[in-house]
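**Q** Handing you a structure now.
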Amino acid sequence: MKFNNDMLRLYAVTDRHWTGEKTLYEQVRDVLMGGATCLQLREKDLDEASFYEEAKNIKELCRLFDVPFIINDNVMLAKEIDADGVHVGQDDMACVKAREILGPDKIIGVSAHTIEEARIAKEQGADYLGVGAIFPTSSKDDAEVLGIERLKEMTDTVDLPMVAIGGISYDNCLLLKDTGIDGIAVISALFGQKNIKQATIDLKKRVDALYETMHTCLTIAGSDSSGGAGIQADLKTMLANKVFGMSAITALTAQNTTGVTDIMNVTPEFLESQIRAVFDDIYPEAVKIGMVSSKTLIHTIVEMLKHYDAKHIVVDPVMVATSGAKLISDEAISTLKEELLSIAEVITPNIPETEVLTDMEVKTVEDMEIAAKKIYDTYHCAVLVKGGHQLNDANDYLYNGEKGTWFKGHRIDNSNTHGTGCTLSSAIASNLAKGYTLEESVRHAKAYLSGAIGAMLDLGQGSGPMDHGYNI
Ligand SMILES: Nc1ncnc2c1ncn2[C@@H]1O[C@H](COP(=O)(O)OP(=O)(O)OP(=O)(O)O)[C@@H](O)[C@H]1O
Ligand SMILES: Cc1ncc(CO)c(N)n1
Ligand SMILES: [Mg+2]
């Protein structure tokens with residue numbers, strides 16, 4: 001098995017002294033099932049015959065999981081049982097010698113505590129370094145504690161994959177963010193836990209989080225005081241889709257599940273200030289636009305998004321709320337058509353909105369296809385026509401100028417659909433922010449929306465909101 005850096009992500013090192021009721025073999029199976037990416041057999045005071053027996057069996061187990069099996073210290077044994085590699089300390093066989101014995105295809109790791117040791121190991125052909133102890137540890141009495149700063153110096157200076165070891169636990173593991181390591185090696189954080197498999201699953205998630213970057217998304221829309229649509233739905237959707245959500249508010253609405261009782265637009269100047277504040281600092285990777293009820297506000301948005309060269313713009317051409325309330329002025333509709341749609345990557349009209357945008361009646365699925373093409377030809381943006389409420393199914397049609405795709409949804413018998421359109425467009429924008437293609441973004445967004453509708457939340461006296469957080 002050839003070495004690659006991903007193997008170091010969650011590196012499990014055995015220590016049967018922690019053994020409770022389970023045998024070493026069973027414990028290793030637990031960590032492999034939990035998602036460990038490398039296994040090192042390190043049993044300091046086990047007699048040779050028993051070590052050999054354990055090593056042979058555990059090697060076979062690791063093969064089943066396609067996880068490298070590394071022997072601690074004993075190069076000759078690694079050779080004899082055809083392990084995937086060996087890990088040597090500073091007092092063990094030198095790395096050059098180990099390489100000579102094992103050949104180029106085996107994995108060799110070296111423990112390094114200083115930059116000098118790290119450099120030598122690299123010269124001698126080590127594949128990776130184990131660097132520690134990072135924190136105080138009970139698994140090695142004589143280990144000097146390096147700390148985070150010295151770890152960073154090592155990763156900055158020596159160009160070799162590194163796994164951090166020593167005292168790393170579920171609680172302190174996130175302190176290793178941005179230290180340049182390729183993963184963590186642990187003993188007691190896995191083998192010292194009551195439920196070893198669950199501890200491995202939990203720690204794996206935690207260490208994976210060290211490598212996740214947070215994507216960012218902006219919603220420019222109206223506030224819905226009842227929390228099910230508008231800005232509130234957008235931010236909840238972004239959170240549930242693990243994207244950092246930001247907002248520029250176009251209007252406040254006094255609204256609940258039965259209707260909209262009042263609307264107050266912000267001034268164009270204040271909308272501009274909000275958009276500037278966001279873009280000048282945390283540049284959003286995608287932008288969703290929802291309710292914008294006046295001509296001047298639409299102008300402001302178009303001007304600002306062009307100025308900042310905004311990416312991945314999703315426009316939900318909101319005209320009428322599910323409750324029937326009108327959310328845009330007639331003169332603004334023409335500005336929306338003339339200025340806003342052409343800067344969008346995709347727009348997401350429902351059927352009544354599609355009719356307004358195309359001046360045609362949309363009564364059938366064929367009409368949806370014809371209207372989508374017409375929208376593309378007129379405004380040069382991809383379009384997702386939502387079947388939603390009107391056609392009594394949950395099928396939406398995406399047309400991008402080259403091809404049309406039906407996204408078939410499973411219609412859920414739930415009249416609580418306040419904010420479905422806001423939620424779908426925000427989920428699409430979140431997925432675009434993460435780097436998915438438009439088609440993938442729509443597919444994932446529909447799946448998220450179905451989950452939120454399917455959670456069957458039932459609040460309010462009208463068409464109620466969905467459970468945006470059903471998946472968290
Ligand atoms: N009962 C349902 N079950 C499953 N999916 C649904 C249901 N109702 C709507 N959808 C889906 O929700 C999405 C939004 O479509 P819809 O036509 O409801 O948007 P909208 O009218 O803009 O919503 P809003 O009320 O937020 O303005 C579409 O993907 C649609 O297929
Ligand atoms: C603020 C706001 N935006 C959009 C919609 C669309 O449903 C709504 N009801 N309220
Ligand atoms: Mg809508």
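Just so it is clear, glycine is given a Cβ too, placed from its N, Cα and C backbone atoms.
Keep in mind it's a predicted model, so treat the numbers as computed, not measured.
Per TrEMBL, the feature 4-amino-2-methyl-5-(diphosphooxymethyl)pyrimidine binding site maps to Gln40, Leu41, Arg42, Glu43, Lys44, Asn72, Ser111, Lys140. What TrEMBL records for Asp73, Asp92 is Mg(2+) binding site. Here TrEMBL flags 10-190 as domain 'Thiamine phosphate synthase/TenI'. Positions annotated as domain 'Pyridoxamine kinase/Phosphomethylpyrimidine kinase' by TrEMBL: 224-467.
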**Q** Can you count the other CB atoms that lie within 10 A of the CB of Arg42 (4-amino-2-methyl-5-(diphosphooxymethyl)pyrimidine binding site)?
**A** 18
**Q** For a quick check of packing: other C-beta atoms within 10 Å of the C-beta of Ser111 (4-amino-2-methyl-5-(diphosphooxymethyl)pyrimidine binding site), how many?
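**A** That number is 22.
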**Q** Which chain-mates of Leu41 (4-amino-2-methyl-5-(diphosphooxymethyl)pyrimidine binding site) that are at least 6 residues away have a CB under 8 A from its CB, listed by sequence?
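**A** Same-chain residues close to Leu41 (4-amino-2-methyl-5-(diphosphooxymethyl)pyrimidine binding site) (Cβ under 8 Å, separated by 6 or more) are Thr14, Phe51, Glu54, Ala55, Ile58, Phe69, Ile70, Ile71, Asn72.
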**Q** Please average pLDDT over the domain 'Thiamine phosphate synthase/TenI' (10-190) for the predicted structure.
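**A** Averaged over the domain 'Thiamine phosphate synthase/TenI' (10-190), the predicted model reaches a pLDDT of 94.
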**Q** How big is the Cα-to-Cα gap, in Å, between Asp92 (Mg(2+) binding site) and Ser111 (4-amino-2-methyl-5-(diphosphooxymethyl)pyrimidine binding site)?
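**A** Rounded to the nearest whole number, the Cα-Cα distance is 10 Å.
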**Q** Counting only other Cβ atoms and using a 10 Å cut-off, which of the binding-site residues Lys44, Asn72, Asp73, Asp92 scores lowest?
**A** Lys44
**Q** Are there residues of the same chain, six or more positions away from Glu43 (4-amino-2-methyl-5-(diphosphooxymethyl)pyrimidine binding site), whose CB falls under 8 angstroms from its CB, and which are they?
**A** Thr14, Asp15, Arg16, Leu24, Phe51, Glu54, Asn72
**Q** Looking only at Cβ atoms, how many others are within 10 Å of the one on Gln40 (4-amino-2-methyl-5-(diphosphooxymethyl)pyrimidine binding site)?
**A** 23
